[in-house]
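Features of the protein shown, as given by Swiss-Prot:
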type   : residues : note
REPEAT : 170-209  : repeat 'WD 1'
REPEAT : 212-260  : repeat 'WD 2'
REPEAT : 263-302  : repeat 'WD 3'
REPEAT : 305-344  : repeat 'WD 4'
REPEAT : 347-386  : repeat 'WD 5'
REPEAT : 389-430  : repeat 'WD 6'
REPEAT : 433-462  : repeat 'WD 7'
Amino acid sequence: MNENEGISLGELETRPFSEGITRFTKEQAAYYAEQKEKDRIKALKIPYEDSKVREYLRRYGEPITYFGEDALARRQRLQQLMIEKSLEGDNPLDVDQGASENIEKETYVQGSHELLVARKKIALYSLEKAKLRLKKEREISEIPVPEIVLSGKSSIEHLQKAELMGSQIGGERPIAIVRFSNNGNHFASGSWGGQVKVWNSDNLSEVQLFRGHTDRVSGLDWYPLCQAWDADSEQLTLATGAADNTVCLWKASQSTPLLRLEGHLARVGRVAFHPSGDYLVSASFDTTWRLWDVHTGVELLMQEGHSEGIFSIACQPDGSLVSSGGNDAIGRIWDLRSGKSIMVLDEHIRQIVAMAWSPNGYQLATSSADDTVKIWDLRKVSLAHTIPAHSSLVSDVRYIESGVNRFIATSGYDGCVKLWNPLNCSLIKSMVGHEEKVMSVDGYGDRFISSGYDRTIKLWYP
């Protein structure tokens with residue numbers, strides 16, 4: 001063979017892969033196959049609501065239920081059926097083609113004059129609030145790095161000593177949500193019995209009982225301009241949402257609703273005040289979230305955008321953005337000033353059940369029934385971190401500020417309350433005390449409150 005001519009492909013020596021490379025290749029193939037299967041299942045858009053699961057089974061000509069079959073088993077049966085149809089080449093969405101077409105079609109509805117005024121007010125408010133936030137961030141950035149590192153390390157060591165310090169029966173039914181007041185001296189709870197209570201956070205004594213809901217309370221938020229609990233106050237104090245399809249506004253001096261906001265066609269999930277105190281947002285299983293004027297009770301906006309019910313909703317600290325999370329496993333971030341959806345959060349594989357904005361204004365934490373917490377970065381418009389937070393559904397997630405330090409608190413159906421370092425997503429402390437699943441958590445400084453299916457409210461601190 002002439003050296004200048006080189007060699008042909010047929011003359012190349014072939015050698016078998018080593019055992020290590022072969023094993024790695026097989027593991028890679030298995031991983032990609034698993035991811036492909038997850039993507040296939042996600043693309044099927046299997047409904048979560050049992051009524052829709054039954055409807056899909058009926059359209060497939062299958063029994064809508066078997067003896068002893070619960071909702072989860074019924075959904076798994078539908079999932080397997082839809083996968084089989086997909087593998088056979090059938091389009092599983094053909095059973096609901098009309099609904100699919102409606103989902104894909106964009107529609108625009110002219111807003112009211114009141115909504116236009118509200119958007120302008122929100123724009124002006126958010127610009128001023130952003131200036132204050134950036135000023136605070138600059139002040140923190142001027143602190144020497146060693147001092148911040150030492151402060152963070154000291155705070156983590158302090159939180160690692162947190163223990164169960166008090167427990168109280170919160171009602172006759174499971175306690176779905178707890179939230180600290182703006183100064184931390186009190187907290188409020190909402191139960192499946194429809195009761196809303198305010199408690200002293202020092203001794204866990206009940207100080208007020210509100211009655212107005214006829215079904216499970218699942219959303220609760222303190223009025224941002226209410227700095228301290230005053231039993232004689234005529235000022236707006238709380239907002240709650242419940243499975244009776246209503247949102248209620250409360251003042252401390254009255255045990256019945258100050259205002260009842262009606263309009264949702266299905267159960268209401270989370271509710272959140274706008275930081276300005278002028279507006280309230282509510283999420284519902286009617287697949288919409290709504291914007292309300294808290295002074296007049298007028299519905300300013302009914303926003304669609306999810307294919308399944310919406311449970312979680314949260315306002316960004318500046319007040320310019322709102323995030324919503326649905327049973328369709330999709331989250332969306334909306335610009336309240338323009339009404340546009342500016343980011344889609346599509347990395348969860350099961351429904352999103354809670355959301356919390358970081359005080360920095362550009363990070364959002366979402367928790368899901370897929371057992372994870374995900375941190376999203378709006379600056380990069382992408383997912384920043386995934387925390388395998390619990391071994392079961394992550395029922396709540398909250399950002400907690402303690403001086404210049406920030407932490408994340410989560411609760412899960414595995415019975416745990418956990419604290420996390422948001423800088424590296426490392427676990428700081430896992431606290432166990434509830435007999436059954438933990439349904440909610442909140443924190444103020446170094447104090448944490450949790451509520452559970454066991455009907456108890458528990459207080460934790462170092």
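Heads up, residue numbers simply count up from 1 along the chain you see.
Glycine too: its Cβ is placed from the backbone N, Cα and C atoms.
Fair warning: this is a prediction, and the values are worked out from it, not measured in the lab.
Proximity of distant same-chain residues to the repeat 'WD 4' (305-344), defined by a Cβ-Cβ separation under 8 Å and at least 6 residues beyond the stretch ends, is recorded for 42, 45, 47-49, 103, 111, 119, 122-123, 125-126, 129-130, 133, 218, 266-267, 269-276, 281-289, 291, 350-357, 359, 361, 364, 366, 368, 370, 376, 378, 381. Outside the repeat 'WD 5' (347-386), and at least 6 residues removed from its termini, the chain residues within Cβ reach (under 8 Å) are 38, 41-42, 48, 130, 133, 137, 270, 308, 311-318, 321, 323-331, 333, 392-399, 401, 406, 408, 410, 412, 420, 422, 425. Distant neighbours of the repeat 'WD 7' (433-462): 155, 158-180, 184, 187, 189, 191, 199, 201, 204, 392-393, 395-396, 398, 400, 402, 407, 409-417, 419; these residues of the same chain sit at least 6 beyond its ends, with a Cβ under 8 Å from one of its Cβ atoms. Beyond the repeat 'WD 1' (170-209), the same-chain residues lying 6 or more positions past its ends with a Cβ under 8 Å from any Cβ of the stretch are 215-222, 224, 226-229, 231, 238, 240, 242, 244, 248, 250, 252, 255, 396, 439-445, 447, 449-457, 459. Mean predicted confidence for the repeat 'WD 1' (170-209): the pLDDT average there is 96.
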